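Taking it in order: structure first as structure tokens, then the write-up.
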Amino acid sequence: MKSSRSSDIDAPVDIGHLQQGLAVIEIAKKCPKWKGQERPTMKQIAADLQGLDRFNSNGLDRQPMYCEETANLPSQLKDLYSRFVEIIIILLSSLAESSTIEQSNPGCESKCGNISIPFPFGANNDCSYLNDDAGKSFYVHCNTSFDPPKAFFGMDDQKIEILSISDTEVRIKNTAMAARCYDDQTGKLVLDNPFFNLDFKSTPFTISYTKNMFVAIGCDLIASANNQSRDCISTCDTKADIIEGSCKEGYGSGCCQESLPKGLNTIDGEVKKYYTGGSPFKSFSQCSFAFLVEKGQYTFKGSDLQLDGRLTKPDAVLPLLLDWSIAEHTCNDAQGRLDNYACKNNTVCLDVPDTSGYRCACVKGYEGNPYLGCKDINECDNNPCYGTCTNTLGGYNCSACPEGSTGDGRKNGSSCTTINKALPTQDGFPVIRVALGLSLGLLSVIFCGLFLYLCIKKRKILKLKEKFFQQNGGLLLRQQLPSPNGAVDSTKIFTEAELKVATNNYHSSQVLGEGGYGTVYKGTLSDNRVVAIKKSNKIDKSQIEQFINEVLILTQINHRNVVRLLGCCLETEVPLLVYEFVSNGTLSQHIQRKGAFENSSMSWGSRLRIATEIASAIAYLHSAASTPIIHRDIKSANILLDDNYVAKVADFGASRLIPLDQTRVNTVVLGTFGYLDPEYFRSSELTDKSDVFSFGVILVELLTGEKPVCAERSEGQRSLAEYFLSLTAKNEEFQIIDAPADEEHLQQVLVVIEIAKKCLKWKGEERPTMKQIAADLQGLEKFNSAGWDSQPLNLEKTAGLPSETQNLYSNIPSNLFDYSNQYTSETNVDLSMNNPR
């Protein structure tokens with residue numbers, strides 16, 4: 001300040017306060033220094049101002065000072081100036097303290113543009129945490145070519161923009177999207193990227209399953225992800241079918257979505273147009289997309305289905321949330337490896353659910369970045385005491401309450417309460433006795449009220465259970481139970497309490513499997529029977545009567561190859577079904593050798609027997625049961641195997657009862673991609689031939705060991721059914737046959753191939769019935785090599801086989817392939833109608 005004129009200073013100028021003002025001026029002159037190293041720290045400034053504030057006018061050098069303005073200075077400015085200095089001291093003190101809490105590594109950039117970068121993240125390798133054991137880095141690349149700069153993950157093969165970083169999550173801009181778009185004029189495919197991949201295996205991140213969704217939009221599409229238990233299906237025949245803002249789970253009109261599994265760090269997604277003939281697109285739906293997005297951050301619009309919609313724009317933002325954790329160790333393991341343990345001073349280690357990593361947090365009474373070390377909070381700054389506050393490490397102490405009062409002296413505790421000595425009044429009124437009586441009376445009222453509340457609550461629970469019991473058709477089921485013929489005597493209506501005990505209150509360790517229709521738990525009943533308890537997601541209240549009818553019919557099914565329904569519970573909002581427990585996994589797990597069954601190996605004899613048992617069970621459902629049942633979701637994952645590899649058909653969650661006077665019924669399309677009958681998908685007319693198509697896919701799985709859907713095959717051959725039929729059309733099916741090549745079994749394999757081909761006919765009317773298929777497979781299984789005619793057979797398809805295999809074909813009887821005429825009389829069909837368990 002070059003001028004010393006006092007008129008430039010808007011402050012009182014009496015001797016005491018003027019000297020304080022001059023000191024503040026000197027401090028202010030040092031703060032705007034051009035070079036940062038010449039400026040004082042905020043801690044120094046706060047200390048100087050606090051010392052200045054404690055000085056009074058008597059402590060200052062009282063040299064006379066002349067100032068013309070003091071004669072006319074209002075007296076109120078003195079108090080105003082004192083308050084101003086106090087405010088400045090408080091603000092600077094808080095700034096000094098906050099400046100000591102480091103969020104980034106010392107000497108490292110704390111922000112990239114508008115994005116904060118707290119440690120363990122850092123803008124270069126020296127500033128970020130690197131877990132040497134797992135090789136996972138928290139490096140963030142700050143690209144300064146943008147204005148403002150943008151932050152990206154430092155991955156070699158993926159450039160992923162960061163939108164924000166918190167102490168548990170990272171929000172990113174998701175650009176991974178499966179897309180297919182057609183030109184509305186020429187009908188040509190102009191955007192063909194049907195797959196997307198997100199891979200965070202070598203990073204500290206997992207995809208949050210609680211805050212993200214798998215979304216697909218378009219008309220007549222099926223979208224899937226490799227970790228999904230169900231496919232996402234969206235259909236719309238006209239523009240009017242599209243419902244803007246709506247995106248239903250599993251099956252939608254224009255938009256569908258699915259939840260994600262836990263602990264997911266990589267995902268492969270696909271979107272596929274499902275159409276038959278004609279144009280593969282509609283003018284109002286040029287595009288189909290599939291992507292992951294944060295819940296609540298995407299609202300479906302019909303315009304998104306157009307080629308010029310917002311999803312094809314380069315600036316489209318689909319936020320995705322990632323959970324992050326340190327290392328690949330639990331806290332116990334990490335604390336034993338102190339050389340690479342991330343939690344620093346005054347912290348606690350927290351295991352991250354559904355991952356193998358951990359995170360750090362400050363212990364109570366400390367604050368800061370736990371990966372750099374937490375510092376003690378000075379709780380006394382918030383004046384938490386009525387008396388004197390003394391700060392301690394991790395806490396604080398308050399001085400004792402004044403004499404005549406009691407308490408801990410804390411404002412958030414019992415505070416300080418004045419002690420009132422209870423003495424009789426002048427007229428001798430017994431104050432203590434009255435107060436004691438009132439207290440006891442109040443306690444009695446409280447206990448009585450609590451007892452009454454518990455009784456009312458228990459009564460409400462009982463009424464709610466009774467309400468659910470009636471809503472779920474309990475009265476109707478009770479009327480059916482005491483039938484004189486004893487058909488349903490074995491059916492039991494379980495109580496909610498029984499099933500809670502059986503499943504340990506539905507503990508996650510009891511989960512056998514999760515699907516689109518519900519969750520299956522393993523349970524142990526009071527009689528030590530092990531059962532499977534299915535807890536459905538929802539039920540249509542208008543279909544309760546049909547549900548009860550279905551329960552009664554399923555309890556009458558007495559086929560050794562159908563999972564038996566033991567009973568149900570109707571006291572919950574959604575009814576629970578209790579089935580027999582089958583212990584040896586699913587047919588899908590054995591064929592594809594998944595998980596605990598990776599060493600499973602089934603002989604051809606076992607495969608043929610399993611196919612025969614499945615066919616017998618489905619034929620029984622179609623024709624031998626009292627009311628025909630169409631399963632609607634026949635797939636290898638719904639075929640259970642017991643310890644003796646006996647097949648049992650399970651999961652009737654999508655099944656439909658068909659009246660005896662009908663052969664087909666219109667219904668919403670349900671099923672699993674890869675097994676779904678194309679005629680049913682196109683027309684929504686469900687027939688027993690839909691189960692035949694699905695069974696044909698299982699036959700091909702048993703023959704080949706292939707998955708029903710494989711993204712690695714070329715388009716048009718990703719479906720196993722399409723791939724198999726394309727090979728049989730060229731007599732090249734033995735390229736994928738996974739079966740023994742000895743003479744006896746090769747003849748059986750050829751017959752099963754022919755059966756599978758007829759099951760996969762495009763038109764349902766051209767497919768055989770399950771009764772015919774069951775009879776032929778039973779006959780084929782009983783036939784041995786001695787039973788074949790030794791007539792030579794001229795087969796064109798043998799031309800492409802090795803010579804030793806061609807010799808085996810020469811012994812196949814020519815009438816063998818006319819399988820639909822063999823073993824089809826009613827007397828030869830064994831559907832176990834007369835063979836109960």
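Cβ atoms are placed via backbone N, Cα and C, with glycine included.
Heads up, TrEMBL stuff is auto-annotated, nobody curated it.
These features come from TrEMBL:
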type	residues	note
BINDING	LYS535	ATP binding site
DISULFID	CYS343-CYS360	disulfide bond
DOMAIN	333-375	domain 'EGF-like'
DOMAIN	506-784	domain 'Protein kinase'
TRANSMEM	434-456	transmembrane segment
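Computed over the domain 'Protein kinase' (506-784), the whole-number mean pLDDT of the model equals 86. LYS535 (ATP binding site) sits 37 Å from CYS360 (disulfide bond), taking the CA atoms of both as reference points. Taken through DSSP, the domain 'EGF-like' (333-375) splits into 6 helix, 13 strand, 24 coil. Taken residue by residue with DSSP, the residue listed as 'ATP binding site' is part of a strand. The Cβ of CYS343 (disulfide bond) has 22 neighbouring Cβ atoms from other residues within 10 Å, across all protein chains displayed.
There are 20 other Cβ atoms within 10 Å of the Cβ belonging to LYS535 (ATP binding site).
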